[in-house]
Structure formats: structure tokens, C-alpha cells
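Here is the structure we will look at.
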């Protein structure tokens, strides 16, 4: 496998998606041809699963169902998009991957971490990112940003995951911290309560050292 696999993680409202697209555009100007994708989704099948996972109408979704739906979307994504691109030597930049399932489902929902990891190893054929940028903000800042993004509306405008309470999101943050502590070589913890330019400069400096430009 010749390509490089980069993922962005962090809570909704951390600015990770904005930074991901900014990095991709910068790398395009340097001659790279990155595949930019996201989870859940990234494929026609995955996008249908995404709608099920995130729809506020599905409040009755059982926790094991959530784990398996994410894994099903991810399995299709890896086989249809990510692995073929990596095998062609392309750079792949993905908005969320397995770390999100560990943080949101093992820590946030309290599901067995070993089970979540085993399901996702099967779904991804053991694929791991070469680098992960974990953008961190507090749950309070995240919630404020999400509501501002929605025009200052009520929590009803948020998706099913975003609508969960602050205690859930605090547990998710603890999960991300645990991942970063366990894998400091792969995961770069980026403080996202700074200016977008400062955040991007830190990410770009590290990324340029990683990539064979």
C-alpha cells in the first residue's frame, strides 16, 4: 500500500471539517491529488446509513445498533473508496474514522471498548491512519458553536448525536484524550480554541513533514 491515510477527529463544532478542507486545498496547490471523504458516509450506501444514524427521528436506536451501523458504513467506505485510493498511491483525508467509534460509542455510550474495536477491525480489515489530527474543544464551546452555526436556533436543529447532553459529550472527550495518550505517534492533539489560522499552521507544519512532497 503506497498511499498516505490522514484522518481528522474531534467533537462537532471543533472546526475539524473546515481545517480538513483547508489542508486538502493547500495540498492540491502543491500538486497532490487527495481523496477527501467523510464518515459516516463517503459512499452511496454509506450516505443512506448516515441518514439513519443521525436522524433525530431515530431516538429509539439501540446502542448496539448504532455501533453496527457505523461499522457497516465504514466497511463499505473502506472497500469502495479508501483502500482502492491508497493502493493507487493517493493521499486520503477522511473526516472521522475508527477513533470516533471508540470515543462516541465505547466512552460516550459506555459500550465495551474491546467489542467496539473488534467490530471495527473487521469492518476496516485492520486499516489504521498514518496520522490523525484530533481537534479539541470543550463540550460547552462545541455546543455554542453548533447552535451559532444553526443560526442561534434551539437544540432541535441538531442531529441525533449532537442533541445528546453535555455529560455524554464530556465522556466522548475523555475517550479522545485516552486515544491520544495511548497513540502519541499517530495522534496529534490540536487545541482548537484558537484562531483558525493558528490551528492550520500547526497542522500544516506537521503534515508537510509526513508527506513525501
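Every residue gets a Cβ built from N, Cα and C, even glycine.
TrEMBL annotations:
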type    : residues                       : note
DOMAIN  : 8-203                          : domain 'Thymidylate kinase-like'
BINDING : 10, 11, 12, 13, 14, 15, 16, 17 : ATP binding site
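Look at the Cβ of each of the binding-site residues 10, 13 and count the other Cβ atoms within 10 Å; the largest number goes with 10. Remark: of the binding-site residues 14, 17, the most isolated position is 17 (fewest other Cβ atoms within 10 Å of its Cβ). Using a 10 Å Cβ-Cβ cutoff, residue 15 (ATP binding site) registers 23 neighbours. Mapped onto three states, the DSSP output places residue 16 (ATP binding site) in helix. Each of the binding-site residues 11, 12, 16 was scored by the number of other CB atoms within 10 A of its CB, and the lowest score belongs to 12.
Averaged over the domain 'Thymidylate kinase-like' (8-203), the predicted model reaches a pLDDT of 94. Other residues of the chain with a Cβ within 8 Å of the Cβ centroid of 10, 11, 12, 13, 14, 15, 16, 17, the ATP site, are 135, 137, 142, 145, 192.
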